[in-house]
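Just below is one structure, and these are the notes that go with it.
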Amino acid sequence: MVDSLGTGLFLTGGVAFFIRVVGLTPTEVGGGFSLAGLITLGASVPTGWLADRMDNRKLLILLHVTEAVLFCLYPLVHSFLGFILVACATSLAIRAASTVRAALTGSVLEPDRLVPQRAYLRSVFNAGFAGGSALAAWALAADSVLACELVILGNVLSYLLAAATLVRLPAAGPRPRPAGASKAPALKDVPFVVLTVLNGLLAVNGIVLTVALPLMIMSGHGIPKALAGLFVTANTVLVVIFQVRLSRGADTVEGGARAQRRAGILLALSCVGIAAAAAATSPALAITFLVVAVLLLTAGELLHMAGSWGISYGLAPDHTRGEYLGVYALGMAFAETVGPVSTASLGVGKGAPGWLAIAAVFLVSGLAV
């Protein structure tokens with residue numbers, strides 16, 4: 001919860017800090033974070049390899065402290081180059097912590113509890129993220145240098161508190177390799193890599209909600225611009241309420257695959273709804289289509305995430321769990337890096353035909369799992 005509070009605080013209010021305090025332009029901030037994400041795209045794989053050889057609990061504590069120290073550097077930044085360097089370092093630490101956190105969860109929980117617990121944690125994360133965003137909104141309303149600096153400080157404190165909460169967890173050291181177990185790296189497990197790619201394509205649904213759909217709303221069609229924020233808020237609330245419930249039955253590889261196939265269908269239907277909204281002849285009709293589309297998109301997101309946990313944990317051998325989860329995380333990293341440009345160019349640039357193309361990608365990806 002404390003980590004997600006800081007994340008919501010920073011992602012919502014951090015841009016104001018970089019523009020008002022550091023003196024960067026919006027283009028520099030957006031481009032800098034995109035470049036940092038691209039440079040650190042593959043960080044999860046070596047981190048996963050390291051997690052298989054160290055105590056996951058101690059490693060995650062170290063990474064949270066590292067995140068706190070790195071975020072303390074942002075107030076010292078006074079140039080675009082300095083911003084890029086710190087952004088790359090923080091992005092690397094964040095991706096590494098995410099991979100180790102997933103490995104630690106797999107180490108301390110029984111297999112039949114992994115998916116339900118991940119669902120619960122995601123619900124808690126969204127609740128914390130919403131709280132952090134609300135605090136950031138207050139900071140933005142204050143419109144002062146001090147308020148912007150408190151956004152960074154709040155995120156630093158969240159990392160330190162997250163590290164402190166891990167102290168009481170049991171040790172999670174390396175698992176011995178069973179006799180006769182394969183020594184091949186996870187990247188050479190072709191079926192698993194294919195599932196990683198498909199998961200990454202399905203994961204673009206998050207970018208549709210937070211980037212492509214708001215851009216489509218802002219581009220015209222007579223739709224109230226405030227709906228973009230309301231849709232994200234509604235999605236957050238629905239995730240908190242329904243993630244655990246819709247994750248039932250996805251706690252095996254077969255169940256996870258079934259959930260992702262259903263997710264692909266729902267995500268495709270949501271994009272068809274957005275395409276209909278883009279072609280609608282009246283704002284009222286467009287809004288109706290969008291409400292239905294966002295509900296379908298959220299249901300697809302919930303099933304996609306549940307399926308990703310069932311597949312990734314179910315196929316990862318105990319002794320190389322970190323490495324496998326690190327490879328699987330590449331799909332999500334790919335979506336975060338490539339998704340904004342691809343969905344915006346198709347959905348906003350091409351209109352209804354572009355949304356139908358995105359729908360086809362979701363449908364094929366889901367059915368291929």
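Note that Cβ sites are derived from N, Cα and C of the backbone, with glycine treated the same way.
Feature annotation from TrEMBL assigns transmembrane segment to 33-52 (among others).
Beyond the transmembrane segment (124-146), the same-chain residues lying 6 or more positions past its ends with a Cβ under 8 Å from any Cβ of the stretch are 1-13, 16, 20-21, 154, 158, 233, 236-237, 239-240, 243. Marked as transmembrane segment by TrEMBL: 124-146 (among others).
What TrEMBL lists as transmembrane segment is 152-171 (among others).
Taken from TrEMBL, the feature domain 'Major facilitator superfamily (MFS) profile' applies to 191-369.
Taken from TrEMBL, the feature transmembrane segment covers 192-217 (among others). If you look at the transmembrane segment (192-217), the same-chain residues 6 or more away from its ends with a CB under 8 A from one of its CBs are 186, 223, 225, 227-228, 231-232, 235, 260, 263-264, 267, 270-271, 274, 277-278, 290, 294, 297, 300-301, 304, 308, 311-312, 315, 324, 327-328, 330-336, 339-340, 342-344, 346-348, 358, 361-362, 365-366, 368-369.
Per TrEMBL, transmembrane segment is recorded for 223-242 (among others).
For the transmembrane segment (263-280), the list of distant contacts is 202, 205, 208, 213, 216, 221, 223, 286-287, 289-290, 292-294, 296-297, 299-301, 303-304, 307, 347, 351-353, 355-356, 358-360, 362-367, 369: same-chain residues at least six beyond its ends, Cβ to Cβ under 8 Å. Annotation source TrEMBL lists transmembrane segment at 263-280 (among others).
Here the transmembrane segment (286-304) has long-range neighbours at 199, 202-203, 205-206, 208-209, 213, 217, 221-224, 227, 231, 234-235, 238-239, 242-243, 246-247, 250, 259-260, 262-267, 269-274, 276-278, 280, 362, meaning same-chain residues at least 6 beyond its ends whose C-beta is under 8 angstroms from one of its own. The annotation transmembrane segment is assigned in TrEMBL to 286-304 (among others).
Marked as transmembrane segment by TrEMBL: 325-346 (among others).
Taking Cβ pairs closer than 8 Å, the transmembrane segment (352-368) reaches residues 198, 201-202, 204-205, 208, 212, 260-265, 267-272, 274-276, 278-279, 300, 343, 345-346 in its own chain, all 6 or more past its ends. Per TrEMBL, the feature transmembrane segment maps to 352-368 (among others).
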Check the transmembrane segment (325-346) against each of 33-52, 152-171, 223-242 and return whichever range has the most CB pairs under 8 Å.
33-52
Average pLDDT across the domain 'Major facilitator superfamily (MFS) profile' (191-369)?
92
